[in-house]
Amino acid sequence: MASTADGDMGETLEQMRGLWPGVEDLSLNKLATSLGASEQALRLIFSIFLGYPLALFYRHYLFYKDSYLIHLFHTFTGLSIAYFNFGHQFYHSLLCVVLQFLILRLMGRTVTAVITTLCFQMAYLLAGYYYTATGDYDIKWTMPHCVLTLKLIGLCIDYYDGGKDGNSLTSEQQKYAIRGVPSLLEVAGFSYFYGAFLVGPQFSMNHYMKLVRGQLTDIPGKMPNSTIPALKRLSLGLVYLVGYTLLSPHITDDYLLTEDYDNRPFWFRCMYMLIWGKFVLYKYVTCWLVTEGVCILSGLGFNGFDENGTVRWDACANMKVWLFETTPRFNGTIASFNINTNAWVARYIFKRLKFLGNKELSQGLSLLFLALWHGLHSGYLICFQMEFLIVIVEKQVSSLIRDSPALSSLASITALQPFYYLVQQTIHWLFMGYSMTAFCLFTWDKWLKVYRSIYFLGHVFFLSLLFILPYIHKAMVPRKEKLKKRE
């Protein structure tokens, strides 16, 4: 689902619709006022797009240069961006980076270091949420800090894995395990990389070090041929930005809280939530596509070659746009949206809970971690609780259709496929919007008001299916199919 700084990015793009008129005064404050945006929003937008000239500078002047120069460049530019956006509050990130380095050096590759890192970094982030919380989305230092928190926790776990015997690690853990001892400059460069400091994406220390060593290129010994792929992602991001800018005055979060919405027919309330639920995610899509382009341009997006020898630039992709736009399933949206954050949680939380012996419990705890990572508001918990419920029910429905001969035959009728797709998409985006209502409104008085207006439809629908589906499965799946499945 949506990523950390999601709300803050949303607030930024919400205010982008006024960015087109020209102004004469170049003062940021006056410029922002003229555009109908906040100064913080303007600073954030400028900082995200600043990644492109910085990536060009790196390509032409620092590629294959001494590693310490590259680390210094990333550290200086990242700290400058932090100061430009948050002033003296940039010290929060710097403090956590330095303390994390000390934890690695003083505690070494131990479980104690991992537990200390997890507790300290999450506690610092949650304390930041608590002391800066308001009833609305604000662009403040906690926005990039939640991205940094995952980076530093992942860094410590990979460092811990680097001290283990290779045979005791999975192939994935071997890929990310850090065998050497990172210096303070390396940790700082990794943390402050300009293309991902503010809004992500997540990437590992090993991948970052490949960038520094000049290994992330499709032409060994030369700069990566990544300008066109980067411009394609930038262009796609701008398409989403223009669409969002034009439509945002007409499809707003605030309308869900109005009396006019309450007084509309039930079908209208549901249809508005469906359309809004799809549209509200475009602000996140925009930011991630733009920052992905920065990562590709620098080379960080290089992901080797496919089986046909075609170069892949999706190492930092946070979106699978085609899948996101066409999938009729909730799992499809999860697989296509905020990819690197979801992969991080799967790698460092979900799979590490394997010892519990219960996949659903591990998944539930992973989603609880994600909810807390997003913030302390109740809406985040409700949103991820709905995701957990929906995914479980969707798996049960898929299993029922697959195992039932009657339903399987009905589902395979070609002439009915367009109808099935339309029904699936309607259910999919209606209840995606239902879940996003709590996420975007986030305080209990707001999301509760909207849920009451549609009679808690999402909870009633999926909780009913959760209890009814086992009986339907028992009635419609022949005994021999059940025995075959067990075998």
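Quick reminder: no glycine exception, Cβ is built from N, Cα and C everywhere.
Model, not experiment: these values are computed from the prediction.
The feature transmembrane segment, as given by Swiss-Prot for the ranges 138-158, 285-305, sits at 285-305. The feature transmembrane segment, as given by Swiss-Prot for the ranges 264-284, 453-473, sits at 453-473.
Away from its own ends, the transmembrane segment (180-200) comes close to residues 3-5, 9, 44, 47-48, 50-51, 54-55, 68, 70-75, 77-79, 81-82, 85, 93, 97-98, 100-101, 104-105, 143-144, 147-148, 151-152, 155, 159, 162, 208-209, 212, 287-288, 291, 294-295, 298, 300, 316, 318, 340-341 of its chain (Cβ-Cβ under 8 Å, at least six residues beyond either end). Note on the transmembrane segment (453-473): residues 261-262, 266, 269-270, 273, 386, 389-390, 392-393, 396-397, 399-400, 403-404, 431, 434-435 of its chain, located 6 or more positions outside it, place their CB under 8 angstroms from a CB of the stretch.
In the predicted structure, the motif 'Di-lysine motif' (484-487) carries a mean pLDDT of 53. Within the same chain, the residues at least 6 positions away from N331 (N-linked glycosylation site) whose Cβ sits under 8 Å from its Cβ are V391, E394, listed in sequence order. Here the C-alpha separation of N308 (N-linked glycosylation site) and N338 (active site) works out to 27 Å. In the three-state DSSP scheme, N308 (N-linked glycosylation site) is classed as coil.
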